[in-house]
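Engineer: Handing you a structure now.
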């Protein structure tokens, strides 16, 4: 229960409510672009609306919650020790609730003959669920890799707006994959219209695919391509001790101790783009959930 110690603070709930409100607005605006007002579906319009509305939400709420507004991003950050489990649980709940409310508001203001499926994501009838799953894995991989790479403070070459970089990534994913799967990349974005319209065909694809793509992208970046220098050195030391000849129990104790040290280091706050929203109220307790400004 250590992970839940900070949930009764004002800053914590400001962050959670920020995720809810950002997701509500994002769902309302982006799903609204899928409403067909003419016979010709406008692919570019939808792609730009999703990408730019996300970039806008990051700019508005980034300093409040980190603006994940995407369970795939939130869970990926938990897996690389950048976000606490407690905060992730509340964030995902807020994101899903925000998506449902946003989709519901859109349904209320849209004429009945124009609602269609309210932007619900569906695998193209020419594809199998497995093919749709692969598409979602790939497009979410590029999105989350963009998030962790552009937010990495170990880099000194990042120029321009992180919000726009993430928004462009979402736009690219939509331009490519709308005709394949509806280009979700975001379980909450698919969950909102599915609840309102009762459309659940292959809905599991839009949870499993983005989570697999997001987690693999974050893990590859954090542990293979750009690992923390201290962690890298410690892991080398652990491996060196493990391969050094030694007698029986002594070697086992050394290995266990080294592993404990490695675990301690892994739980330290990350060096990624951190938004410490609990800084003022819990100065004595370091939050191991260094939050990245992120996205969808």
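Just so it is clear, glycine is given a Cβ too, placed from its N, Cα and C backbone atoms.
Curation does not apply to TrEMBL; its annotations are automatic.
Relevant sequence annotations retrieved from TrEMBL are reproduced here:
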COMPBIAS  276-289  compositional bias 'Basic and acidic residues'
REGION    276-296  region 'Disordered'
TRANSMEM  12-31  transmembrane segment
TRANSMEM  43-64  transmembrane segment
TRANSMEM  85-109  transmembrane segment
TRANSMEM  129-149  transmembrane segment
TRANSMEM  161-183  transmembrane segment
TRANSMEM  203-226  transmembrane segment
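Neighbours and distances for these, please.
Structural biologist: Beyond the ends of the transmembrane segment (43-64), by six or more residues, the same chain brings 14-15, 18-19, 21-22, 25-26, 29-30, 32-34, 161-164, 166-172, 174-175, 178-179, 183, 275, 277, 293-296 to within a C-beta distance below 8 angstroms of the stretch.
Here the transmembrane segment (85-109) has long-range neighbours at 3-7, 12, 15-17, 19-28, 31-32, 35, 65, 68-71, 74-75, 77-78, 115, 118-119, 187-189, 191-193, 195-197, 289, 291, meaning same-chain residues at least 6 beyond its ends whose C-beta is under 8 angstroms from one of its own.
Residues 72-73, 76, 80, 123, 155, 165-166, 169-170, 172-173, 176-177, 180-181, 183-186, 202, 205-206, 208-214, 216-218, 220-222, 226, 272, 292, 294-296 of the same chain, all 6+ positions outside the transmembrane segment (129-149), place their C-beta atoms under 8 angstroms from a C-beta of that stretch.
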Engineer: Near the transmembrane segment (203-226), which residues from the same chain, at least 6 beyond its ends, have a CB less than 8 A from one of its CBs?
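Structural biologist: Sequence-distant neighbours of the transmembrane segment (203-226): 70-73, 75-77, 79-80, 121, 123, 129, 132-145, 148-149, 152, 154-155, 181, 184-187, 190-191, 194, 270.
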